[in-house]
Amino acid sequence: MTEIDAPGAADSRRPAREHEFTVEQRSQTRLVLRRFARHRAAMASLVVFVLIVLWAFVGPHLWHYSYAKFTPDNSQAPSRKHPFGTDSSGYDAYAQVMRGTQTSLKVAILIALGSTAVGAVWGAVAGFYRGLVDAVMMRVADLVLTLPLFAIALVISSRSGGSWYWIAAVIAGLTWAYVARVVRSTVLSLREKEFVEAARALGASDTRIILRHLLPNALGPIIVNATVLVATGILTETALSFVGFGVQPPDTSLGLLVSQAQTAVDTRPWLFYIPGAFIIAIALTINFIGDGLRDAFDPRQQRVRQ
Amino acid sequence: MLAYTVRRILVSIPVLVVSTFVVFLVVVNSGDPVANFATSRQPAPSKAAVAAFARHIHADQPVMERYWHWITGVLHGDFGPSVQSNLDIGHDLFTRFRVTVTLVASAMVIALLLAVVFGVFSAIRQYSAADYAITFVGFLFLAMPVFWFAVLLKQAGIWFNEQTGSQFLGTIGEKSPYLEVDTTWNEFTDRLGHLVLPTITLALVSFASWTRYTRASMLEVLGSDYVRLARAKGLRRRTVLVRHALRTALIPLATVTALDIAIILGGAVITETIFQWHGMGEMLVQSAQAVDVYRTMAWLLLSAVVVIGFNLLADLLYAVLDPRIRYD
Amino acid sequence: MTTTSHGVRDVPVTDAVLEVDGLTVEFPTEDGTVRAVRGVGYRLDRGESLGIVGESGSGKSVTALAVMGLLPGTARVGGSVRFEGTELLGLSDARLSDLRGSGIAMIFQDPMTSLNPVHTVGHQITETLQRHHPGLNRRTARARAVELLGTVGIPGPERRVDAYPHELSGGMRQRVVIAIAMANDPDVIIADEPTTALDVTVQAQILEALQTARAETGAALVLITHDLGVVAGHTDRVAVMYAGRIVETGSVEDIFYTPRMPYTLGLLGSLPRLDRDEERLTPITGSPPSLLNLPPGCPFAPRCPLRRDTCDDTEPALRPVGPEPHFSACHFAAELADTGAEDVFDTVGADAEALARYADATTPDEPPKDTV
């Protein structure tokens, strides 16, 4: 009995096998999910957010008005026939808000996915190779970061013709650098860890180390950042559309709907408040989800309640 | 520190050159002003007129050459030709800059003051009802689209004027087109009245994020060993709060504030559009619509200089506030 | 008071500067209530020094913070803490802060984070001087700060007084913290692991500075540590804490020569011996229990080689053992007379005797102390 009695010392004698790593991972995921589930605002937000997404993507197939079709009723207040009312030319606002939510969500989610994918790989490669590669790549990222997001997006998307994927691409092209910086700093600390050393000793290729070992372990900050980007994305897209540089009619977005309704706040308030409320609801729930994830991924957090 | 400042300014020159070049490429390719000119005028201009227009705005030159002409021109105070004839971009830029500076500066000051007050209060009352309320309002404001809130405020301003029978809260423009009694005092209150609503709008988002930042920073400092030692020395709660906690917690806030300038400029564009100010926001929107390359570039150059200036300011401020940072 | 408190000698009340009785501290958390301190009592006479020993999480730091009134607002504190006869628990923060720094001073573990990075060390000393001596002018305060820095062994105090903490080494910073602690001639200094965060080479110097501070101020000392070696050389009495309670207390000699609690024996067994290098250390296997939902019975039972059935049912009280003021919380304390760690734990090698001899030789130079 001369063993050191450190907890876990017994495990270290067992030969490390590949599957232990995955077991470790799975329990880590479960731990994160459990912590997330305890965050009540985040859980409630997740439910609301999922409902909004379902409504925006499934709803148009079930609703009997199309966002692009006139109805004979114009300037009607919300009723059973038109739950969100109609506008002055007779469009059904329910169908329009549904369509606008769909477009805005598509843009926001594409922004988050696009800039996360580019930024994560960019940051991981820079952090992994360090030296000159890192210096050059991060200078490029810094350059992108100095560009004022809204102004540049406005200038570029004036050429978009209003297609949602172009707008998303423009915004993602200006936001990926945030992700790159976060991932790089995480990778810089991870690359010295034992499991990376071990993978390298086993002869794993650089690509494999980056994709299989570094990125999965940087997943926490990456996911948290992606949620922040969804919120940034939706607020930027709607603002662009509001100013007239985003989604163009006949398609619509929540920003465009608010813009079209800004002179009707007094006369047809439903046209103004409802799309605005949807923007707030999406951005708010996403921020709470991000907050919950941050707490869940950050083990230092220990909440004490009175 | 002076040597450091000079060095930083020198280093930022190549950054500015590279960044404006990239932006120039983007802007030149963002549309075709010559085609606009040829198609959008009634009656349709002659071929010769179109060619003259292209020559006037240098659209007939290769991009590299155009950039070179532009940047050397800027050094001499010439910001290049606008698609609008008779528009001096330099003069336009600085007139509008003065308008926008008032808005941005007052919004930043107000957002910062409120953020510190609410953030600190939230932190020292952690987990109280007030803390939860402030946190929730912060989240709400962070999720609030600036343009939506601005329209609401504008409506509220109109309602307020109707109710009080006054014209104090201006909702259109940065000043009234004319004043009945044209005194300095009247002009001042007129401008002030026009400033109120846009300032609140623009301050909103920064207020929300800075409050959350102050709260987090304050909580970290309040939990620090040196605050505990300060309490163990017998210092009163208030003294510890101000001299030890706040003093240290505000250091990172100064940096964050300075670095958020780009976001605030973006917010100013939206705010000015809604309140119909003749500031830089309107300039950007107009020149993007008209694919006015040099006018857009003038805007972006100024904003780049402002952003770089604020970055430098943030670093210098850090050195002033935190004795651990020394630049030589 | 003379009989109720745990492990306290029978001496007249008047000499006690600090009396802690039945102190409990609980922290409500999401997972339940953490009972960090479960009825701790000790008494400190004027000028006396007491060592509190235990593993991390045994409640020794929390006890100290409870005495200072510096626990976070969520903590629930019960029992009694009396300073020169005045009850401190329930006192307003304003009243308490008059006492902090002047009556009771505290030294924390990590000198790297104990000082505010944005103020000079001089300012951080004069601040506490002026707080407790409102009439003191700036120049006098500064002169006193320089003097204090010199006393704790900082070379060139006239220059160092204007230095910022980051310009000083860890050892130097801890000296500054000690200077702050002694600035207002406190009656009690509580040092919470003052040497743990420092290099071994610096530790002895800091303990020396601490002794200087005591000699200068005549303060009683509570020295919290996990290092029995530190206790042996620098305190008169020792209290061993485990799972939020004092499990054994007595004079340094009692604890080192005749420990009566298996945990203490285990602690002594974990000390390296210097004189017989072939011997092995005696570890205590396992780890301390979670203070959340503590099961009934002796909290040390799961790790105790002498565990019997009773140990799982009832938690032993702190009872006197032997004629000296020596107390132990073990059902079988009597059986442990003349037992060494090697008899109880698996391996030989504890050098309790050598340490006890060391304790004898280096018992601290008695500062003004008339109650032994």
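Glycine is treated like the rest: Cβ placed from N, Cα and C.
Annotations in TrEMBL come from automatic prediction, not curation.
Fair warning: this is a prediction, and the values are worked out from it, not measured in the lab.
Taken from TrEMBL, the feature region 'Disordered' applies to A:1-21.
The annotation compositional bias 'Basic and acidic residues' is assigned in TrEMBL to A:11-21.
Counting same-chain residues at least six beyond the ends of the transmembrane segment (A:41-63), those with a Cβ under 8 angstroms from any Cβ of the stretch are 94-95, 98-99, 101-102, 105, 278, 281-282, 284-286, 288-289, 291-293, 295. Annotation source TrEMBL lists transmembrane segment at A:41-63 (among others).
The domain 'ABC transmembrane type-1' annotation in TrEMBL covers A:105-290.
Tertiary neighbourhood of the transmembrane segment (A:107-128): same-chain residues 134, 137-138, 141, 164-165, 167-169, 171-173, 175-188, 191, 206, 209-210, 214-215, 218, 222, 225-227, 229-234, 236-237, 247, 253, 282, selected by CB-CB distance under 8 Å and a gap of 6+ residues from either end. The transmembrane segment annotation in TrEMBL covers A:107-128 (among others).
Within the same chain, residues 122-123, 126, 166-167, 170-171, 173-178, 180-181, 236, 239-240, 243, 245-246 sit at least 6 positions outside the transmembrane segment (A:140-158) and bring their C-beta atoms closer than 8 Å to a C-beta of that stretch. Annotation source TrEMBL lists transmembrane segment at A:140-158 (among others).
Sequence annotations record features per position, and here TrEMBL assigns transmembrane segment to A:164-183 (among others). Long-range contacts of the transmembrane segment (A:164-183) within the same chain: residues 103, 106-108, 110-111, 114-116, 118-120, 122-124, 126-127, 137-138, 141-142, 144-145, 147, 149, 152-153, 156-157, 215, 218, 221-222, 225-226, 229, 232-233, 236-237, 240, 246-247, 251, 253, each at least 6 residues beyond the stretch ends and with a Cβ under 8 Å from a Cβ of the stretch.
The transmembrane segment feature in TrEMBL is assigned to A:222-247 (among others).
Here TrEMBL flags A:270-290 (among others) as transmembrane segment.
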Long-range environment of the transmembrane segment (A:222-247) - Cβ separation under 8 angstroms, sequence gap at least 6: 103-105, 107-113, 115-116, 119-120, 149-150, 153-154, 157-158, 160, 162, 164, 167-168, 171-172, 175, 178-179, 182-183, 215, 253-256, 258-259, 279, 282-283, 286-287, 289-290, 293-294, 297
